[in-house]
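The feature Mg(2+) binding site is assigned by Swiss-Prot to D40, E230. What Swiss-Prot lists as active site is D40. Marked as substrate binding site by Swiss-Prot on the basis of similarity to another entry: G41, N42, R43, R44, W45, S86, T87, E88, R92, R211, R217, L218, S219. Marked as active site, proton acceptor by Swiss-Prot on the basis of similarity to another entry: N89.
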Amino acid sequence: MEIIPPRLKEPLYRLYELRLRQGLAASKSDLPRHIAVLCDGNRRWARSAGYDDVSYGYRMGAAKIAEMLRWCHEAGIELATVYLLSTENLQRDPDELAALIEIITDVVEEICAPANHWSVRTVGDLGLIGEEPARRLRGAVESTPEVASFHVNVAVGYGGRREIVDAVRALLSKELANGATAEELVDAVTVEGISENLYTSGQPDPDLVIRTSGEQRLSGFLLWQSAYSEMWFTEAHWPAFRHVDFLRALRDYSARHRRYGR
């Protein structure tokens with residue numbers, strides 16, 4: 001049974017949204033600089049909505065990504081990292097995967113549109129998604145400015161363990177190129193050295209990690225960088241993620257006392 005009459009839902013939603021905005025405006029200094037988002041639940045949303053073709057869920061989820069990034073920009077967030085395609089996702093049915101990669105390529109090109117004035121960077125191995133999609137993604141990202149008020153990382157062909165391995169390999173390769181001895185190579189493997197060779201090198205670690213669809217795990221997302229991140233989970237599937245959900249995540253983050261493992 002409906003507790004709230006349908007005609008009142010929209011006004012009450014807008015009122016709640018306004019109150020959340022006002023509360024966040026009063027605590028702007030407590031907002032995260034970097035938000036990382038696992039956009040989970042596209043297929044489940046499609047099935048629960050009665051669609052046999054799960055690619056419809058991906059398309060609706062893609063539209064939500066650009067919308068969510070605008071929320072971040074409007075809120076004053078400096079950097080957002082969005083998990084679009086993991087290395088594990090590459091094992092899906094070939095037809096489903098091809099549709100997903102096409103949708104991801106389209107949404108990244110939308111994110112990179114000049115009208116947004118966002119600086120966009122890919123994190124992951126584009127060599128895993130095929131030559132043509134990789135070419136389109138590189139072209140789109142290279143067209144964005146290096147200096148901007150809002151930066152976006154799109155994680156495509158990304159695996160957290162793979163990133164750490166790649167960082168260590170890059171670190172050791174640089175040391176070898178400089179003629180390092182075996183002992184010097186061992187000494188070179190430090191927290192700072194690995195951090196400097198991650199895909200996100202030069203960027204702050206995420207302050208807040210958001211995951212939709214009720215799953216409460218990282219699934220390999222930014223394993224190194226999220227060691228001290230705050231986590232926020234919601235039952236909503238990604239296509240159904242609302243602005244008030246986003247504002248609630250920011251509100252909850254601003255109320256937390258970060259301990260950084262201490």
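Cβ atoms here come from the backbone N, Cα and C positions, even for glycine.
Everything Swiss-Prot records as a feature, shown here on the structure.
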residue	record	Cβ contacts under 8 Å, 6 or more apart
D40	Mg(2+) binding site	R211, T212, S213, E215, H237, W238
G41	substrate binding site	T212, S213, G214, A236, H237, W238, P239, A240
R43	substrate binding site	V54, G57, Y58
W45	substrate binding site	G57, M60, G61, H237, W238, P239, A240
T87	substrate binding site	G124, D125, L128, G157, Y158, G159, R162, G220
N89	active site, proton acceptor	L97, L100
R92	substrate binding site	L100
R217	substrate binding site	R211
S219	substrate binding site	L38, S86, E88
E230	Mg(2+) binding site	P32, D207, L208, V209, Y253, R256, R258
